[in-house]
Amino acid sequence: MESMMPETDVWERRFWMVWFGGLALRLVLGLALDLTPDEAYYWEYARRPDWSYYDHPPMVGYLIALGRLVFGDSVVAVRLPAWIGIGVVSWLLYVIGRDHLGSARTGCLAAALPHLTPAGLALGFITTPDVPLAMAWIAATTAFLELLGNATAADTAAPGASPPSAEPAPAASPVGLRPWLLTGLALGLGAMSKYTMIFLVPGIAATMLAFPRLRAQIGRGPFWLMVGLAALGTVPVLIWNLEHDWASLRFQLHHGLQASPRPFLVNLGDFLGGQVVTIGPLLLIALWIVGLTRLKAAWRTGDERRFFLAAAGLPMLCFFAYNGLRSKVEANWPQVAYLPLMPLVAEWLREGPTPRRRHFWILGTSGLLAVLAALQALTLLLPIPVRSDVSTRLHGWTQMGTALRAFDERTGRRLFFVGQGAPLTALVAFYGGLPPDRIAEVNGAGQWAFWWGDRSLPPGTDLAYVDEGRHSEAAGFSQRFHGPNASESHPIFSRGRLLRTITITTLQSSREPLVFRRPVSPSP
């Protein structure tokens, strides 16, 4: 059947098989597993709408809020943005390969890459700010590519490599306002998603400065339209920061840039280990090497599109690689920058005398890690210590919620709940079914300080203090109450493993007004 179809139709059909298969797997994972602590925290964003938030810009909260309009306070409402996001990202990667690199086959392989890594697996069913960031990043990349021209794939092949048998890549053609408008809009939406969207700007700037035809566009009307729309996306974030003494920006500078006291080798190992485990060792190497070599080759041959795809990812990767040598860098922070490099790697995988061997080793190692990650998330079979196994964050919260709801019913739904730790407090609210006016975080951690504001609970208040048993502050906090006080523990098991013990402490009749203090924002 496929042998009688045009090559483009064959690969488009295969792309849709990948697309639906990848989405189906994410639906299974998303419906079978509990929310992560971070997802519950962003759900709190959604039910407390604001211009922006202490930890992140507002887009993730806005998207979950849209899900709540249809599905209420449910796992589906929270995870709907991630399911939509992986579909959008996969589709646009396919479009880049098909329309801008001249090969539906390259597009299909590029679209498959996010489904073959643990990081891409998580991106498609766990809703975090990386979800709208990834959509905005790849949308801005795709829109800006419409402004560019490129050479054929053969012109940018690595020395000694055989060029792939692709259709000729399209050259530059006159364009109107649409690409400028869409690029600016995507950049603005990205600015409302995560601060790291700023790292796409150097790629756009470098591309426009590197080629005379594009340099001539700087300062013209369409260029300023793009810039204006991009800047518009920063307005909600700036308004919130102006109202809160620039707390979010100061937190990000301190959180992301402060040097760590850890030894250099510890920082290096932590950074590389995080990238290897979430991307795959050989694919990680390929992304870096192909990105750097294609950047140089494309600049030499005047290939604007391949130059931009490399430039769209490398600035962010280089920044976090450098920062990872001196401080703690979370594994997910740089990973959206791999997306524009994926079409280039997909193209490179077809080159040379042994492309099948490249496919087997590079995609096989990453795919194996993704399969193991999915199986571990569902089964917890691998004997990884609980505190080291991120999959345990997806288990046991429904069980905790059952205990909390029973406790709340037993105590007449009259107690105010206080959680220890920002994410746990959000989980208590979500799975305990608590309204916003019955929940607070004991120390005002993160955004909780701003949600609480300057309020206080009057003397004589009874409350329920919830913690995970480790580093509990309940004993010290209980001294602020007359009592009698009592606690109960609920061991949380999943797949036969003890994951945590939730402790609920009933504290009666507070001696004084209770203020859940707002922490002082750190200096950069």
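Note: Cβ is positioned from N, Cα and C throughout, glycine not excepted.
Of all ranges given (121-145, 271-295), TrEMBL attaches the label transmembrane segment to 271-295. For the domain 'Glycosyltransferase RgtA/B/C/D-like' (55-147), the mean pLDDT of the prediction comes to 98.
The stretches the transmembrane segment (180-211) and the transmembrane segment (77-96) do not meet in space: the count of Cβ pairs below 8 angstroms, excluding pairs fewer than 6 apart in sequence, stays at fewer than three. Residues 12, 15, 18-19, 22-23, 26-27, 30, 35, 39-40, 42-43, 46, 60, 63-64, 66-68, 70-71, 104, 107-108, 110-111, 113-115, 120, 123-127, 131-132, 134-135, 138-139, 141-142, 145, 309, 339-340, 342-343 of the same chain lie 6+ residues outside the transmembrane segment (77-96) yet bring a C-beta within less than 8 angstroms of a C-beta in it. Sequence-distant contacts of the transmembrane segment (223-242) (same chain, six or more residues past either end, CB-CB distance under 8 Å): 50-53, 57-58, 177, 180-181, 183-185, 187-192, 201, 217, 248-249. Cβ atoms under 8 Å from those of the transmembrane segment (271-295) belong to residues 113, 116-119, 122, 156, 158, 306-307, 309-311, 313-314, 317, 320-321, 324-325, 329-332, 334-335, 338, 341-342, 344-345, 348-349, 361-363, 365-367, 369 of the same chain, restricted to positions at least 6 beyond its ends.
Listed as Cβ neighbours of the transmembrane segment (361-384) (distance under 8 Å, sequence separation of 6 or more from its ends, same chain) are residues 25, 29, 32-33, 112-113, 115-118, 120-122, 277, 279-283, 286, 349, 391-392, 394-395, 494-495, 497.
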